[in-house]
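S.K.: OK, Swiss-Prot features for this one:
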type    : residues                              : note
BINDING : G9, P10, T11, A12, S13, G14, K15, S16 : ATP binding site
BINDING : T11, A12, S13, G14, K15, S16          : substrate binding site
REGION  : 34-37                                 : region 'Interaction with substrate tRNA'
REGION  : 195-199                               : region 'Interaction with substrate tRNA'
SITE    : S137                                  : site 'Interaction with substrate tRNA'
SITE    : R159                                  : site 'Interaction with substrate tRNA'
Amino acid sequence: MNDVFIIAGPTASGKSELAMLLAQKFNGVIINADSMQIYKEIPIITASPSISEKKQVDHYLYNYVSIFHSDINELNSFDNISQSKVNANYNNINLQQSITKHLTDRRYSVAQYVQEACKIIRSVIHALKLPIVVGGSGMYIKALVYGIHHIPEITCEIRMQVQDLYKKLTKQEFYQKLIDLDPISKNYIHSSDAQRMIRAYEVALQTNKSIFSYHNSKLVSPLECYNVKKIILLPDRQLLYQNCNQRFAKLATNGELVDEITKIKPYYDHISISAKKALGINEIISYLNQELTIEEAITIAQQKIRQYAKRQLTWFRNQTINGYTLHYQSMSELYKAQVNDVFFN
């Protein structure tokens, strides 16, 4: 058995539900490929698998990276979301313990994700189970399927130095400093993209090279020795928007979501830039600050989620992931689709 299944598509397209069905039917294990569902303090707002779902099927790379910077290490008021235990048949290896320990002063990278996903895939296949990779983060999926350009590890000192500089300057001032240090980045990075600006500055400061100079190396697929089968979910746009609206409205009226955000709100300034991009988090905080009503917060968040889903839909339509694309007008149509034929033929 050498198969690896990948289920990709926009948010609220039914990926997780389909993965659960396949995992239960074919002795599978689900591996996350969503850049927001890695965070351990915000499982609800990121629509991570529930505890019940994790008990039914083993899930990995969910809710295990902290949203906080190193200067909040002393805080211990947050409960970790427990991961499913690895079956004893997995060659007596506890995958969660074998995963690289991520200190909160290190930004989680795509390269780290690929390394850890591959480690789990190898162990799952060794245990004669089926790895099912599920997610909507194109950068994770593309890197896992086609490989990633390797960039030198950035030291904690450089990271802290750049973070401090970014906090002191306006975005435009920081952008200008980046262009002075790395003129090539002007062609690829916009001044509104804080995360990419910081990353490019770190690389240029440490290596004296542009981050884009590393993009000339040949890519090698981390999964080249496996039989990788990909399915891309492309629902009707109106169905997708309806799913987005309904899911967030349901989450926002659940007291657990408000509790989750209330818990992290006092430490908002310590949350990483990446984690702050979790859809809905800022709107719920505005509600807690009495700047918005809950209805206004829901409406604004829903609009942003729909816009994000639209961008994902466009990305998956245009990218050459070379998978089977499944178009559907309703969720029942998705669940009735003969995906078995796609994966096993």
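Cβ atoms here come from the backbone N, Cα and C positions, even for glycine.
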S.K.: Please tell me which one of the binding-site residues listed here (T11, A12, S16) sits closest to S137 (site 'Interaction with substrate tRNA'), measuring Cα to Cα?
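M.R.: The answer is T11.
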S.K.: Comparing the binding-site residues S13, S16, which residue's C-beta has the most other C-beta atoms within 10 angstroms in this structure?
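M.R.: Neighbour-count leader: S13.
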S.K.: So, in DSSP terms, is G9 (ATP binding site) helix, strand, or coil?
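M.R.: Reduced to three states, the DSSP call for G9 (ATP binding site) is coil.
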S.K.: Near the region 'Interaction with substrate tRNA' (34-37), which residues from the same chain, at least 6 beyond its ends, have a CB less than 8 A from one of its CBs?
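M.R.: Same-chain residues near the region 'Interaction with substrate tRNA' (34-37) but 6 or more away: 43, 46-48, 62-63, 113, 134-137, 139-140, 274-275, 277-279.
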S.K.: Same chain, outside the region 'Interaction with substrate tRNA' (195-199) by at least 6, Cβ under 8 Å from its Cβ: which residues?
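M.R.: Residues packing against the region 'Interaction with substrate tRNA' (195-199) from afar: 107, 162-163, 166, 171, 174-175, 178, 185, 189, 211, 273-274, 277.
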S.K.: Including all protein chains displayed, how many Cβ atoms other than that of R159 (site 'Interaction with substrate tRNA') lie within 10 Å of its Cβ?
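M.R.: Looking across every protein chain shown, the total is 20.
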S.K.: So, by DSSP, how many helix, strand and coil residues make up the region 'Interaction with substrate tRNA' (195-199)?
M.R.: 5 helix, 0 strand, 0 coil
S.K.: Within the chain of G9 (ATP binding site), which residues six or more apart in sequence place their C-beta under 8 angstroms from its C-beta?
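M.R.: Result: K15, G136, I232, L233, L234, P235, Q312, F316.
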S.K.: Measuring Cα to Cα, tell me the gap between T11 (ATP binding site) and R159 (site 'Interaction with substrate tRNA') in whole angstrom.
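M.R.: Cα to Cα, T11 (ATP binding site) and R159 (site 'Interaction with substrate tRNA') are separated by 31 Å.
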S.K.: Can you tell which of P10, G14 has the least company, meaning the fewest other C-beta atoms within 10 angstroms of its C-beta, among these binding-site residues?
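M.R.: Ranked by other Cβ atoms within 10 Å, the binding-site residues P10, G14 bottom out at G14.
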S.K.: Please report the Cα separation of S13 (ATP binding site) and R159 (site 'Interaction with substrate tRNA') in Å, rounded to an integer.
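M.R.: For S13 (ATP binding site) versus R159 (site 'Interaction with substrate tRNA'), the Cα atoms are 36 Å apart.
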S.K.: Expressed to the nearest Å, what is the distance separating S16 (ATP binding site) and R159 (site 'Interaction with substrate tRNA') at their Cα atoms?
M.R.: 34
